Amino acid sequence: MALLKVKFDQKKRVKLAQGLWLMNWLSVLAGIVLFSLGLFLKIELRKRSEVMNNSESHFVPNSLIGVGVLSCVFNSLAGKICYDALDPAKYAKWKPWLKPYLAVCIFFNVILFLVALCCFLLRGSLESTLAYGLKNGMKYYRDTDTPGRCFMKKTIDMLQIEFKCCGNNGFRDWFEIQWISNRYLDFSSKEVKDRIKSNVDGRYLVDGVPFSCCNPSSPRPCIQYQLTNNSAHYSYDHQTEELNLWLRGCRAALLNYYSSLMNSMGVVTLLVWLFEVSITAGLRYLHTALESVSNPEDPECESEGWLLEKSVPETWKAFLESFKKLGKSNQVEAEGADAGPAPEAG
C-alpha cells in the first residue's frame with residue numbers, strides 16, 4: 001500500500017508544479033545565503049589564521065560554500081523540471097531522469113543535514129586549534145625582528161584589544177613566556193642578569209603583561225608590570241583588588257565568538273534543510289502524480305501521488321534486496337575476471 005497517497009486532478013497538478021517552481025527558486029536564494037555565510041566565516045577564520053593551529057577549522061565554511069553551490073545547481077534544475085512538467089512533450093525528456101534525480105536530492109539532503117550538525121558539534125576541535133595556535137603565537141610575540149614573525153606582536157595586540165581578552169587562558173599566561181625581545185633588554189643591568197640567571201632556560205620572565213591587556217574602563221591607570229608585587233604600587237593588593245586588566249583568556253573569547261557564528265549558521269542551515277526536504281517531497285508527489293495518469297491523452301483525468309509506493313518496512317526490505325543483488329552481481333563479475341578467458345578447444 002502506498003504511503004501518504006493523495007489524489008490529484010489537473011488543477012492540483014498545475015498548482016503543485018507552480019508552487020514547486022517558486023519554492024525551487026527561493027531555495028536558489030537560500031543556497032546563495034549559505035554560500036555567503038560560508039564565505040564570511042572563512043574570511044573571519046583567515047583573519048586570525050596566525051593564532052590557529054591548522055586548517056581543520058575551515059571544514060565548516062568549506063562545507064557551507066559547497067552545499068550552497070550545490071543547492072543553487074540542483075534547485076535551478078528542479079525549477080526547470082517543474083516548469084516543463086505541465087507540457088507533455090517537454091516532460092517526456094525529463095521522465096527517465098526523475099528517479100535518479102530524486103535519489104540525488106535525498107543524498108544532498110543528508111549531506112545538508114550533516115553540515116548543519118557540524119556547525120553545532122565542531123566546538124571541541126576549534127577549541128584545541130585555538131589553544132595550540134594562541135600558545136605558539138604568544139611565544140613569537142617578541143620576535144619583531146624575525147622575518148615571518150614580525151607581524152605577530154601586532155596580531156596579538158589587536159586581538160586582545162578587539163576581543164577584550166588577555167593571554168591564552170588568562171593574563172598569567174604572559175608570566176610563563178619571555179614576551180620582551182632581547183633587543184630591548186639592558187644586559188648590563190643587574191636586575192636583567194638576575195632574572196635570566198634565575199631561569200633554567202635563560203629566559204627573561206616578568207610578572208607583567210603587554211599594554212593590550214589593559215582595560216581602558218578601569219578608573220586606575222593601567223598596572224601592567226610587577227602585578228604580583230603589592231609593595232610596588234600604592235594601595236594595591238593583587239589578590240583582593242580587581243585588576244585593571246582583561247581577565248578573560250583569548251581562547252574563551254574567540255571560541256565564544258566563532259561558536260555563536262557557527263550556531264547561528266547551523267540554525268539557518270537546518271531551516272534550509274527543512275525547506276529542501278519539503279521540495280523533495282513535493283517533487284516526489286509531482287513525479288508519481290504524472291506517472292499514474294491513466295489516460296495521457298486526457299489531461300483532465302485524475303491521478304494519485306505518493307511518497308513511497310509501499311510501506312516503510314517493505315520499501316526498506318526491497319532496498320536491501322536490491323543492494324544484495326548488486327553486491328552479488330559485482331562478486332560474479334569479479335570471479336569471472338579472475339578465472340580469465342576460457343581455453344580454446346584443441
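Glycine residues also receive a Cβ, built from the backbone N, Cα and C atoms like all the rest.
This prediction places the mean pLDDT of the topological domain 'Cytoplasmic' (1-24) at 77. What Swiss-Prot lists as topological domain 'Cytoplasmic' is 1-24 (among others).
Annotation comment: Swiss-Prot describes 25-43 (among others) as transmembrane segment.
The feature topological domain 'Lumenal' is assigned by Swiss-Prot to 44-61 (among others), with sequence analysis given as support.
The N-linked glycosylation site annotation in Swiss-Prot covers Asn53 (among others).
The transmembrane segment annotation in Swiss-Prot covers 62-80 (among others) and rests on sequence analysis.
Look at Swiss-Prot and you will find 81-99 (among others) tagged as topological domain 'Cytoplasmic', backed by sequence analysis.
Sequence annotations record features per position, and here Swiss-Prot assigns transmembrane segment to 100-123 (among others) based on sequence analysis.
The topological domain 'Lumenal' annotation in Swiss-Prot covers 124-264 (among others). The topological domain 'Lumenal' (124-264): residue composition by secondary structure is 66 helix, 2 strand, 73 coil, according to DSSP.
The N-linked glycosylation site annotation in Swiss-Prot covers Asn229 (among others). Cβ environment of Asn229 (N-linked glycosylation site): Asp207 lie under 8 Å away, each six or more residues apart in the same chain.
Same-chain residues lying 6 or more positions outside the transmembrane segment (265-290) and placing a CB less than 8 Å from one of its CB atoms are 6, 8, 12-13, 16-17, 19-20, 23-24, 26-27, 30-31, 33-34, 37-38, 41, 60, 64, 67, 71, 75, 78, 81-82, 85, 91, 98-99, 102, 105-106, 108-109, 112-113, 115-120, 303-307, 309. Under the heading transmembrane segment, Swiss-Prot lists 265-290 (among others), citing sequence analysis as support.
According to Swiss-Prot, the topological domain 'Cytoplasmic' annotation covers 291-346 (among others), on the basis of sequence analysis.
Marked as region 'Interaction with MREG' by Swiss-Prot: 341-346.
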#### Entry: Folded-back contacts onto the transmembrane segment (100-123), same chain, C-beta under 8 angstroms, at least six residues removed
57, 59-60, 63-64, 67, 70-71, 74, 77-78, 81, 255, 259, 262-263, 265-266, 269-270, 272-273, 276-277, 279-280, 283-284, 287
### Query
Against which stretches of its own chain does the topological domain 'Cytoplasmic' (81-99) lie, if we need a Cβ under 8 Å and a gap of at least six residues from its ends?
13-14, 17-18, 20-21, 24, 283, 286-287, 290, 296, 299
